[in-house]
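To start, the structure itself, in structure tokens.
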Amino acid sequence: MGSLFLAASQGELDTVKNLISSEKIDVNATDEGGATALHWAALNQQIPICKFLLEHGADVNAIGGDLQAAPIHWAAKRGSVKTVHYLVQHGADPLLKDKQGFNCLHLAVHAASPLLVVYLLHLDISVDLRDDQQHTPLMWASYHGNEPITNCLLRWGADVLATDEDKMTPLHWSIVGGNLKCMKLILKEGGIPCTAVTANLSGQLKTPWALASELRVSHLFKQALISNGLKVKETSEEPEKWVVVPSKFQFSQKTFIIFCFLSSFIITGVFFFIMSICPMVISLIIAPLWIYFTFKYITTCIHANIDIVHFYLETPFLAGIFSSIFFWVWCHSLLYIVPKTLPIKPLSSLLFVLISFTCIGLYVRTAFQNPGYVDKIGAVVQRREEISKLLDKDLFNQSHYCLKCFQVKPPRSYHCGACKRCINRYDHHCPWTGNCVGARNHRTFLLFVFTLSTLIPIYFYVAFYYLQNIPIQKKYESYRCLFISGTICQWSLKDMFVLVASLTLFVNWCWVVVLAFTQICQVAHNVTTAEFRLFKRYGTLVPPTKQNSSPKNGHGIHGSFLRTVCGILGLDQCILLIRESNCFVRCFPSRAELGSQNSTSLSRNLSTVNPYDEGSIIKNCKTFWKQNFLNDGRQDEATRHV
């Protein structure tokens, strides 16, 4: 009889058929521990075996094993969504409890399987089901420090103030687990009232702060409190002298975001003022100090009051820097440069004004236009049907389903951590516009980049004639330049603002040209920035099943300072494209890749793994400029071949 259970666990279908069909062994026979063959098949995800056993009368809800569990419990312990789905379709009861008092939802949390948790929740299972000790799934998830599952349960409406037998709340359990992210998530959903919840542990009343202090994680708990507008206050009330109360000054995240954007105008305005008015020696000292201390103050203020992980991506600071530089230079040009150059160079001056207005319009449209948000499905029944379709195609994984949005991810879409939404044909999140670049605004973004890369050289041209035709300011006629001489010295005495602005714009123009070059190459091969990064890392345009968001380090936010700068300016993407050379199709590996047997880029050709390539650069460009990416049925077909 033991051969039946071994064959069922190892997927030996022919052996199982012979043993059952010959009627030598009952299909519901149990081993020494009371488990049936269906238990072992479910545990090891042997769905063909499960199908055969159920067709021959196996009890889908048979109780067995040391923990008196059903086959669906064994499958849930392994986090096998497909097996659980198959058993549910054939009558398995997901609400059954084992000897420990756990049902499938509890076991899915223990198995750290967010996909299984989402699947079970869509079966109309209560998110707050309790075990025999009155623990909810949220308590277990926060105890294990599983942020994705904690987030899923909270998004589904889990009770953050539920208590177990010891009056422990999910917040208490997150403190026991010592996970900062789970603490933040629970506090964000109102996981603690102004008068702190107390837990009765061995006859002692413990508030969350007392428990955090006892477990030596008070520093983490304090960070979580600050990021949610709370603080610890001393009091004489029982059971302890410390309570958690709201901060005296509370500002919404929207207020801080506006502050972050508008402060950039002050920073750059004062910078230009210092560089234009003060002597060069003094300005070269004061201006960098001004930028450093103001930036440090803003970042400290933001991090101390709102929960921000990636400052550059989740705040419009860089968008404010870009907008403010453009604003101050543009205003100076309209007030001083254009009136002087219009009689001398009327065509260039008018062209500068026209293109500058066009550039402003394209920038505003790129920044505020819907990048292509994936429409959310509100009804649970519809979402359940979508999950079932994915399971039938064996596509229910984090590449095709977003755990944060609870929805199917269309082809070429990714979840943006900064925008908190899934984006159709996601290219990248641009910190300089404060918005994602996706299906709806990618063309607008590209037009803006082209326009800006054209506008800056025109500014240099009209600024040159402006400086050539204005006299030295009277207050500077007796001045002498210390570090510069000749024409540059004369220009600095005429209008230092133009020189500083020109140098600033030249630095920006360099990376804008690099960005334009990179985008042209990618459009020519019908590939997005996100897809190219995936190709570089994995040799495919589709992320591994464990990936459910936009590719990590998409802007070089993690790592060294140089990598951060390169990522923000887009230089890293250009370097990758240059290394791919040969029209950016053939990959040439680095020395490290040559020594790695697992490298995916060795002798890899982008065109062979790119299902979206039309076969020629002209066709790819036509597709980009004419095609409606939101209603393209061909992309579904292309995804099947990846």
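Yeah, the Cβs are placed from backbone N, Cα and C, and that goes for glycine too.
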Swiss-Prot: matching membrane side for H428 and S492: no
Rounded mean pLDDT for the residues that make up the repeat 'ANK 5' (133-162): 94
C430 (active site, S-palmitoyl cysteine intermediate): tally of other CB atoms within 10 A of its CB: 27
Interface present between the transmembrane segment (344-364) and the transmembrane segment (497-517) (three or more C-beta pairs under 8 A): no
Residues from the same chain, set at least six apart from the ends of the topological domain 'Lumenal' (338-343), whose C-beta lies under 8 A from its own: 349-350, 352-353, 462, 465-466, 469-470
Tertiary contacts of the transmembrane segment (317-337) (same chain, 6+ residues out, Cβ under 8 Å): 260-265, 267-269, 272, 298, 311, 352-353, 356, 359-360, 363, 367, 431-434, 459, 462-463, 466, 495, 497-498, 501, 504-505, 508, 568
Residues of the parent chain within Cβ reach of the repeat 'ANK 6' (166-196), under 8 Å, 6 or more residues beyond its termini: 136, 138-147, 150-151, 154, 158, 160, 206-209, 211-212, 215, 217, 220-221, 223-225, 227-228, 230, 243-246, 307
